[in-house]
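To start, the structure under review is shown below, and the notes come after it.
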Amino acid sequence: MAVNIILPPSSLSLWNTKKLIYSTQIRFRIMSLASKSQPQSVASSAVYQVPGLDSHEMDSTADKTFERYLSNTAKRNGKGVSIVWFRNDLRVLDNEALFKAWVSSQAVLPVYCIDPRLFQTTYYFGFPKTGALRAQFINECLADLKKNLMNKGLNLLIQHGKPEDILPSLTKAFGAHTVYAHKETCSEELQVERSVARGLRQVVLSTAQGNSSRSSSTHSPKLQLIWGSTLYHLDDIPFSVGSLPDVYTQFRKSVEAKCTIRGCIRLPTALGPPPSVDDWGIIPSVEQLGLHSEKVVKGMRFLGGETAALSRVTEYFWNKDLLKIYKETRNEMLGPDYSTKFSPWLASGSLSPRFMYEEVKRYEKERQANDSTYWVLFELIWRDYFRFISIKYGNSLFHLGGPRKVEKRWHQDQKMFETWRNGCTGYPLIDANMKELSASGFMSNRGRQIVCSFLVRDMGIDWRMGAEWFETCLLDYDPCSNYGNWTYGAGVGNDPREDRYFSIPKQAKTYDPDGEHVAFWVPELLPLPKEKRNFPGKSYIEQVVPLKFGSSNKHHSQRSKYGGRHSGLGNR
């Protein structure tokens, strides 16, 4: 019987030492010591904790990182109370909203609103907007944020309800003069921002309550939105959003040549005191959010929170020294160390892209600079690009025809879609990736491109069904990267190559040549010879559709000099 295990960091490192390194058409194999020593049935049911450090090591790593980003010169000069409305910025390090709130007040009230709309259903097809695994990850992020704020002399007020109801009520109760928050870009989030601003305008404070120097005796609290989610600041890019290039390469070359990345915001040692609060609230369980709790029993188990995020950066860059081979290993699909795995923390805002930039530059100075160190930044710029594109194109990012308003016939056959969603298509590479997504909330970048191509090209199914299912499942879901990537993959985005097809046989031979990924997730394939695992014939379930281009290699994904489409560490 298979045994579920969590490998300790040392064993984990050995088990996953295996890397497929592609350079000038040559592939080198580095054999894993642990895979030799572990029985296949055990290895095929392993759980990998990401990061692979224990709690003491993570706390120590985070403390040392925070110490490097302390400011001895920051001074506060405000009066009264300010509120920090945490959204998708669940961190202390490089949090400009938190810093500005501290500077402008005598007391800061950090608030997180558990918005019931985030636990409703997706727009077109009624999938859960937030799956259980992401809900658990966010809960862990909140618990860690609360801990880190308390270490700085603050706390985190947990409130259940809509921000537009909660925040005006809090500003009135505490006499807060300003609500600080990081700005979002997509329609649902923008609507909430407008509703909060409208609600604050209805609040009337006396001058004595707030931080007003005006002669009038009353005023309303303000909503101050701050840009803080990208590597390059919105105000610094060399074009208006309306004239943003429709080709990523043009965007990248322009910002690299003309823009400077701003430094991380440094915070003082102490941020307190907070205002007096009788009940700070509790973080709800997954069940209290209306979901059924799920436990990761196979694959990667990501730990939520800024402490885990900073620890993963240290683990990947410094402890394991994997940054130097990132470009060569990033397209693999099995294990925790073929890529950075930073994306869940980037999506929740537990990790700052500017902090990542500074760590890359520190690594280049202290160890080495090469294509791999640059490639991490290259992916972060992709992430920026999708964020800016979401401003330029608005809701067309979510429409069937995409930003280019493509007219194409798609079908929405539910039974066909369920074979894809449940990993029962008869194609091991598709099925393994989809099973990984459901079981862990993660899928490799390469896997995402392959399953997207199969759904829209081979099955002919409405791409929005796939995008919404990813919205449900992904730990690293954010609307900009998710829908930006799906519009690209479906050929309705601003992509210079419209018919981007990924040949499954070609992809399997290139990225899973020994069938290790498919055998891990589809264990009935494990007894087959390695060369048969991706091509099992009648030894596996019947294929639901024929491939659009069969096994022909001439139609496989073509890669540019920069390696084809990337996704901005949104799934790296």
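Just so it is clear, glycine is given a Cβ too, placed from its N, Cα and C backbone atoms.
As annotated by TrEMBL, FAD binding site applies to TYR326, 339-343, 379-386, 476-478. Residues annotated as compositional bias 'Basic residues' in TrEMBL: 553-564. What TrEMBL lists as domain 'Photolyase/cryptochrome alpha/beta' is 80-221. Positions annotated as region 'Disordered' by TrEMBL: 551-572. The feature site 'Electron transfer via tryptophanyl radical' is assigned by TrEMBL to TRP410, TRP463, TRP486.
Shown here: features listed in TrEMBL, placed on the structure.
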residue : record                                            : Cβ within 10 Å
TYR326  : FAD binding site                                  : 22
LYS341  : FAD binding site                                  : 25
GLU379  : FAD binding site                                  : 25
TRP382  : FAD binding site                                  : 23
TYR385  : FAD binding site                                  : 26
TRP410  : site 'Electron transfer via tryptophanyl radical' : 14
TRP463  : site 'Electron transfer via tryptophanyl radical' : 23
TYR477  : FAD binding site                                  : 22
TRP486  : site 'Electron transfer via tryptophanyl radical' : 26
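Ranked by CA distance from TYR477 (FAD binding site), the recorded sites TRP410, TRP463, TRP486 have TRP486 at the top as the closest. Taking the C-alpha positions, the distance from TRP410 (site 'Electron transfer via tryptophanyl radical') to TYR326 (FAD binding site) comes to 37 Å.
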